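Taken from Swiss-Prot, the feature active site, proton acceptor covers Lys40, Tyr263, and the record attributes it to sequence analysis. Look at Swiss-Prot and you will find Arg134, Met310 tagged as substrate binding site, backed by sequence analysis. Here Swiss-Prot flags Lys40 as N6-(pyridoxal phosphate)lysine.
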Amino acid sequence: MVTGWHRPTWIEIDRAAIRENIKNEQNKLPENVDLWAVVKANAYGHGIIEVARTAKEAGAKGFCVAILDEALALREAGFQDDFILVLGATRKEDANLAAKNHISLTVFREDWLEDLTLEAPLRIHLKVDSGMGRLGIRTVEEARQIETTIASDNQLQLEGIYTHFATADQLETSYFEQQLAKFQTILTSLKNRPTYVHTANSAASLLQPQIGFDAIRFGISMYGLTPSTEIKTSLPFELKPALALYTEMVHVKELAPGDSVSYGATYTATEREWVATLPIGYADGLIRHYSGFHVLVGGELAPIIGRVCMDQTIIKLPREFQTGSKVTIIGEDNGNAITADDAAQYLDTINYEVTCLLNERIPRKYLH
């Protein structure tokens, strides 16, 4: 995708915030528990390569991604010897590519292991479906059979076993405890304990540090975002958001009563008012549902009016502003702030989606 360096819309990533979130999490982990930085989906919209570099500087011992291509991008960017685990499903025909690049793969079907052609040992993490209902084996019998199959092939290594919690970001823990018990039953059924046993995502690592096992997968909270609003007041330390989104007014005009703006003429001025056009739209991740939300101009709230367009958005100004004035979509401005959580609440979604939607057409600038 083309990145818009010649357009006054940009994202700022505070690397110091990422480092602080990692350090605070590491301070509460036992010394023998590694922290793996989850950098899938372009690091939740923050930029995979720069975030990976920042996380490694802060002490992360490895990385988790969703697809093999993300793992290969890290290798190509210079992360040659770092642990990398692909959490999602990988095609069988790509197993050799992963093996040659020393990339660990998630496996959850015995038939996937049959008739592999490998030029290097393949590191495998067995995924257990303890209650998420996505990928994973569900029985002791499946686990034992896969362990036997791996042991019979000297090109296969059972490096890890893991699961993913569906409700770790909730205060009620009964389902979480059921999942943990199911996972432990399968774990103890193995003849040999793998090198890495890991279960904790951000929420679990923050609220249930006792189940760290050998490593945690630190994702959303590395970026300073709360796993859910429900647990926000129960966190052991303050998270520092790393992402801010800015743009500038490219056209400022005064509307007369009866003037309408944007597609469908859904907004009509009822009095004389100032509006500004912003060079950002739903093609950038500022989806149409943002209509009716607000931004900050000079620290004051300014509503988004009319329909958000593919490349442009219109806001109602509290007064006349100069063309080129800075606009804050996510971030702080003169003592006021709009957070990813604020946007998520308005959009009836989660903060993960808000930042992941911000695509690579918006340039990232890395600070500190």
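Glycine is treated like the rest: Cβ placed from N, Cα and C.
Computed from a predicted structure; not experimentally measured.
Remark: of the recorded positions Lys40, Arg134, the most isolated position is Arg134 (fewest other Cβ atoms within 10 Å of its Cβ).
Across the structure, Arg134 (substrate binding site) and Lys40 (active site, proton acceptor) are spaced 17 Å apart at their Cα atoms. Met310 (substrate binding site) and Tyr263 (active site, proton acceptor) are 11 Å apart (CA-CA, integer value). Within the same chain, residues at least six positions away from Met310 (substrate binding site) with a Cβ under 8 Å of its Cβ are Gly281, Tyr282, Ala283.
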